[in-house]
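Q: From Swiss-Prot, for reference:
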ACT_SITE  C248  active site, glycyl thioester intermediate
ACT_SITE  C410  active site, cysteine persulfide intermediate
BINDING   G101, D122, S129, N130, F131, H132, R133, K146, D190, N191  ATP binding site
BINDING   C231, C234, C306, C309  Zn(2+) binding site
DOMAIN    355-451  domain 'Rhodanese'
MOD_RES   T62  phosphothreonine
Amino acid sequence: MMESAVDSERTMLKREIADLRAALNQKEQCLRELEDSVSFATRSEQEVVGNDLESPGGAVHTKLTNDDIARYSRQLILPDFGVQGQLKLKNSSVLIVGMGGLGCPAAQYLAAAGCGHLGLVDYDEVERSNFHRQILHSEDRCGMSKAESARIALNELNPHCEIHCHSRMLYPHNAMHIIRGYDVVLDCTDNVPTRYLLSDACVMLNKPLVSGSALKMDGQLTVYNYGNGPCYRCIFPVPPPPEAVTNCGDGGVLGAVTGTIGAMQALEAIKVIVGMGDVLAGRLLIFDGSSCVFRNIRIRSKRPNCHMCSAQPLITELINYEMFCGMHATDKNNPTLLFSTDERLSVEEYHRKIQAKPHLLIDVRPTAEFEICQLPEAVNVPLVEILDDSYLKRLGKQLEDKELPVVLLCRRGNDSQIAVQHLRNRFPKHFVRDLIGGLHAWTSNIDPNFPIY
């Protein structure tokens, strides 16, 4: 009896500690944003010059060096490019937002081509799951800022390219300062709020925006705010519902697909800078990696009543894009919170109280993910089968036992809550719980040898 009381108190304390840590993290993030806001608000334009938030400047180059001629000779002999094109590139500055699967190849080709100045924006750090597609990062730079890691690789590729690192997130209060002095901006991000932020800022500052995306085996590419072409809001005046948005962390992506789109973003940026070719404005390039087919379709022209780029815009300053879109401006794990911690199970509780007893453990990840790794007693029932009730054919008899605990898990503890919500509606008298933090928490707190992805 005493042991049971101690276990109960221990569990309660752990929950309180977890809740306090979450609250502390949230407050610290709010504090950082407030400090950034105050810092930027109190600086004048002149004070910003020279620090990491200022875009590059410097003398205008009027001739090529012997090293330039040797290094760029194969593109110098292109009739539409030539010496003048190389000089334009050498005097240009490009801001790449997101040093991931798109940003890495884009930066690599821009640096190799002789772009004079590159700005690299990324708040994140290098981790092993990046390596298959984020080709500028390496094993020995795990934990390093992605912007700094990319700078090291790009300097080795072309020491004549000046690199400015912005190892921070873009917010409405700092975006204009960072973007202002660059000639072209590349959107290599993986989230909707940042796409709106970049588009709005580029319209206000009259900067072309080369926008790419890649997911699974597909990719898309277009150029916004160029010539008479539309902005992002012209095409998407209303953001999609959060549940309709999938990033590569959840949906997966093949590295060669991000490489294809990222390289083409570099190509479009070069065309914009040099003034050559037919820039992909007012058109959308769609790449189907499964069949290796490229399609080029026309998209709508400027929207006369666009809230941002019309003659009489309704939006005249950057807004709260997370609130506007109803989702976080990051592709990091943003936990779903459908239930309080009292209505869920920690992995420690499950391991200590339930795992050794009769129960039904349902893993709701897609089959492809279940095959990567699984707990020995888990039954794979993908979330889609939970939601359409097709799981009843497989598990109906087991679920007739109201005394049998039902535990659901997924990779991070998000989809499992959706499954719990559905099962509780159908089986209101059953004990149905999900594991907080999913398999990632299992690795962190129970079995460090269990693989994570």
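Each residue, glycine too, has its Cβ placed from N, Cα and C.
Model, not experiment: these values are computed from the prediction.
Are these features on the surface or tucked inside, and what are their neighbours?
A: Under the three-state DSSP scheme, C248 (active site, glycyl thioester intermediate) falls in the helix class.
In the three-state DSSP scheme, C410 (active site, cysteine persulfide intermediate) falls into the coil class.
DSSP classifies G101 (ATP binding site) as coil under the three-state reduction. Neighbour list (G101 (ATP binding site), Cβ cut-off 8 Å, at least 6 residues apart, same chain): R133, Q134, C188, A214, C248, V253, G255, T258, G259, G262.
Sequence-distant contacts (6 or more apart, same chain, Cβ under 8 Å) of C306 (Zn(2+) binding site) comprise P230, C231, R233, C234, P237, P313.
Counting residues per DSSP class in helix, strand and coil order gives 36 helix, 15 strand, 46 coil for the domain 'Rhodanese' (355-451).
Annotation for T62 (phosphothreonine): same-chain Cβ neighbours under 8 Å, separated by at least 6 residues, are L87. DSSP assigns T62 (phosphothreonine) to coil, not to a helix or a strand.
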Q: Cβ within 8 Å of the Zn(2+) site centroid (C231, C234, C306, C309 excluded): which residues?
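A: Other same-chain residues near the Zn(2+) site: S199, V203, N225, P230, Y232, R233, K302, R303, H307, M308, S310.
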Q: Within its own chain, what residues at least 6 apart in sequence put their Cβ under 8 Å from the Cβ of F131 (ATP binding site), listed in sequence order?
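A: The answer is H137, S138, E139.
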Q: Could you measure between D190 (ATP binding site) and C309 (Zn(2+) binding site) for me? Cα positions, answer in whole angstrom.
A: 23
Q: When a 10 Å sphere is centred on the Cβ of C231 (Zn(2+) binding site), how many other Cβ atoms does it contain?
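A: Cβ-Cβ neighbours of C231 (Zn(2+) binding site) within 10 Å number 23.
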Q: How many Å separate the two farthest-apart Cα atoms among the ATP-binding residues G101, D122, S129, N130, F131, H132, R133, K146, D190, N191?
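A: If we measure all Cα pairs in G101, D122, S129, N130, F131, H132, R133, K146, D190, N191, the largest is 20 Å.
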